[in-house]
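If you look up TrEMBL, you'll see B:Asp26, B:Asp71, B:Asp207 marked as Mg(2+) 3 binding site. If you look up TrEMBL, you'll see B:Asp26, B:Ser41, B:Asp71 marked as Mg(2+) 4 binding site. Per TrEMBL, the feature Mg(2+) 1 binding site maps to B:Thr42, B:Asp43, B:Asp118. If you look up TrEMBL, you'll see B:Asp43, B:Asp71 marked as Mg(2+) 2 binding site. TrEMBL lists B:His50, B:Asp258, B:Tyr315 with the feature substrate binding site. What TrEMBL records for B:Gly117, B:Asp118, B:Arg142, B:Ser209 is ATP binding site. As annotated by TrEMBL, Mg(2+) 5 binding site applies to B:Asp210. Positions annotated as domain 'PurM-like N-terminal' by TrEMBL: B:24-133. Taken from TrEMBL, the feature domain 'PurM-like C-terminal' applies to B:146-296.
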There are 2 protein chains.
Amino acid sequence: MPSEFDLIQRHFTRATRHTALAVGDDAALLQPRTGMQLAVSTDMLVSGTHFFADTDPEDLGWKTLAVNVSDIAAMGAEPRWAFLALSLPAADEAWIEAFARGFFACADAHGVDLAGGDTTRGPLTLSVTIIGETAAGEAVTRDGGRAGDDLWVSGQPGLAALGLAALQGRTRLDADGRRACIAALQRPQPRLALGRALRGVASAMLDVSDGLLGDLRHILERSHTGALIETAALPLARLLATGADPVLCRHCLLAGGDDYELLFCAPAARRDTVRALATKLELPVHRIGSLTADSGSIHMREADGTLAPLAPNGYDHFA
Amino acid sequence: MPSEFDLIQRHFTRATRHTALAVGDDAALLQPRTGMQLAVSTDMLVSGTHFFADTDPEDLGWKTLAVNVSDIAAMGAEPRWAFLALSLPAADEAWIEAFARGFFACADAHGVDLAGGDTTRGPLTLSVTIIGETAAGEAVTRDGGRAGDDLWVSGQPGLAALGLAALQGRTRLDADGRRACIAALQRPQPRLALGRALRGVASAMLDVSDGLLGDLRHILERSHTGALIETAALPLARLLATGADPVLCRHCLLAGGDDYELLFCAPAARRDTVRALATKLELPVHRIGSLTADSGSIHMREADGTLAPLAPNGYDHFA
């Protein structure tokens, strides 16, 4: 059986583009560009909690990095370096090779160097720390939302949760819908170009990993605002077109996680700017409501005008 | 049961000293000092592989950070920011509180900000990424060793492995020795001051996590040298004084891991400098041999003058 060091060497050592010293010493050495701040995020994915043990390892490699790249996108920053800690039940080289292929596909797509890591024996667990750069003061945080700001979401939230429901046999989808939903679950596309374009435009931003409403609450807490959601503005049509039950579709859109779309606020005066940059990026954005002065509350306004407060129900790993 | 977010908030949110934006956004924001390079390292600790499931959580919290600080020490850098990803089988608040106490004790001792992290449900697994700073070009890497350089080790390698042997019932130790050995195992002291003092003095350096000879091999590979160990110079006396079997003591010194002492090379002309800085730091250092031109080989010279090559036997997690 190849040793740990052999496996790391063989599959995780690649030429780096912007790393002074990568894998192979006690620490990697990185040279940030002058005047840049670092944006750093860590995510841990655990077999059985975040993914099925039999998930295709190439998809898993992609997703392990993509969810971290998404955090950097949500700051409006540029991803630069990743560090991968990997606990494996056995030194299964075919699995490691496929995982590395997916991981590096995502790294190459987004200009990320794998600059270091750790491999050990244990239950299948993947932990990535990603470091991005942003000009000092330009990062888009969660705390800049103001009452009256528009509330926007990118792309198609809900697809990944529908994909999960399909894999778990909780819903039937037509063939095209099933393919799209499972792709959204297994190969999420971090919205880097959008995040970058929204610097100086969005007042607050995050990526939706745990569900739109649950993550919205983080913006509301940090920005000391409330939110009003216009249900007629929610992008439900594509979900409904998969053939899934409408109640499930709405639940997946509002409470499903794992889409890694960007949820952001922007002053109403910037509405045309947001639309223009979305058109340029060929990525739909949906204005689904607005921030309110009623701190911490979320209200839903239905198409018939009825207004109802929402009870907290965001997904929580320990709930 | 408190939610994940409550637990994180309660136990892992502390005031930071040098972090622009810490826990609570998609990413932390850090401002490196002008002209500094970053040294970044990741270590993952898995229950059952790296520690016993019933390890005192406060000790575990200390050690989880200490092993990462040690990697920064081994570069001659200054630790600054840590990111903690934590997978827990249950939201056991008493355990988390004790773990956080140990973790922050180590953070406070070494000037480290906990700047971000992730908490999830799963088998007990701890992954830390640490970021340190060093003036560009000043880091001490593993590749600068030259034939003729002295080979040094700090402190008392072997204590932690003896402690592990005692906990596993593989040896009896006297009471004082047992206490010292278990403390070395559970509360390793990163050699930050020594690492920093060796900038510009040591030609190559690493921290001994997997065993002195196994880790020495990493220096030899990167420096393209061999090594000659003078067994009479090995610091065995303190290990023998615990009452353990001499063969076990020698094995623990040469092949035991987890001490996090610094193993380093320095030109013979710097011998007095090394001794002087060790005296100033009140940390013993031992000159245990030298680098040779016989690339990749390790020879042991016994007290009687006999010289024998060593077969590879460094500890390897997958061996």
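The first residue you see is number 1, and the count goes up from there.
A Cβ is built for glycine as well, from the same backbone N, Cα and C atoms used for every other residue.
Known features from TrEMBL, placed on the structure.
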residue	record	DSSP (3 states)
B:Asp26	Mg(2+) 3 binding site	coil
B:Ser41	Mg(2+) 4 binding site	strand
B:His50	substrate binding site	coil
B:Asp71	Mg(2+) 3 binding site	helix
B:Gly117	ATP binding site	strand
B:Arg142	ATP binding site	coil
B:Asp210	Mg(2+) 5 binding site	coil
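Highest Cβ count within 10 Å among the binding-site residues B:Asp43, B:Asp118, B:Asp207: B:Asp207.
In sequence order, B:His50, B:Arg142 are the binding-site residues among B:His50, B:Arg142, B:Ser209 whose C-beta falls under 8 Å from a C-beta of chain A. Averaged across the domain 'PurM-like N-terminal' (B:24-133), the predicted model reaches a pLDDT of 92. In this structure the C-alpha atoms belonging to B:Asp26 (Mg(2+) 3 binding site) and B:Arg142 (ATP binding site) are separated by 35 Å.
Over all protein chains present, the Cβ of the residue listed as 'Mg(2+) 5 binding site' has 20 other Cβ atoms lying within 10 Å.
Packing around B:Ser41 (Mg(2+) 4 binding site) is summarised by its Cβ count: 28 other Cβ atoms lie within 10 angstroms of its Cβ, all protein chains included. Of all Cβ atoms in the shown protein chains, 27 besides its own fall within 10 Å of the Cβ of B:Asp26 (Mg(2+) 3 binding site). Of B:His50, B:Ser209, B:Asp210, all annotated as binding-site residues, the residue with the shortest Cα distance to B:Asp71 (Mg(2+) 3 binding site) is B:Ser209. Listed binding-site residues: B:Asp71, B:Asp258; maximum Cβ neighbour count within 10 Å falls on B:Asp71. Of all the binding-site residues listed (B:Thr42, B:Ser209), B:Thr42 sits in the most crowded Cβ setting, with the most other Cβ atoms within 10 Å. B:His50 (substrate binding site) and B:Gly117 (ATP binding site) are 20 Å apart (CA-CA, integer value).
For the pair B:His50 (substrate binding site) and B:Ser209 (ATP binding site), the C-alpha distance works out to 11 angstrom. Neighbour list (B:Arg142 (ATP binding site), Cβ cut-off 8 Å, at least 6 residues apart, same chain): B:Ala204, B:Met205, B:Leu206, B:His218, B:Ile219, B:Arg222, B:Ser223.
Its own atom aside, the Cβ of B:His50 (substrate binding site) has 23 Cβ atoms within 10 angstroms in the protein chains shown.
The residue listed as 'Mg(2+) 5 binding site' is 6 Å away from B:Asp258 (substrate binding site) when you measure Cα to Cα. Of all the binding-site residues in the record (B:Ser41, B:Thr42, B:Asp43, B:Asp118), the one with the smallest CA separation from B:Asp210 (Mg(2+) 5 binding site) is B:Asp43.
All protein chains shown were included, and the count of other CB atoms within 10 Å of the CB of B:Gly117 (ATP binding site) stands at 23.
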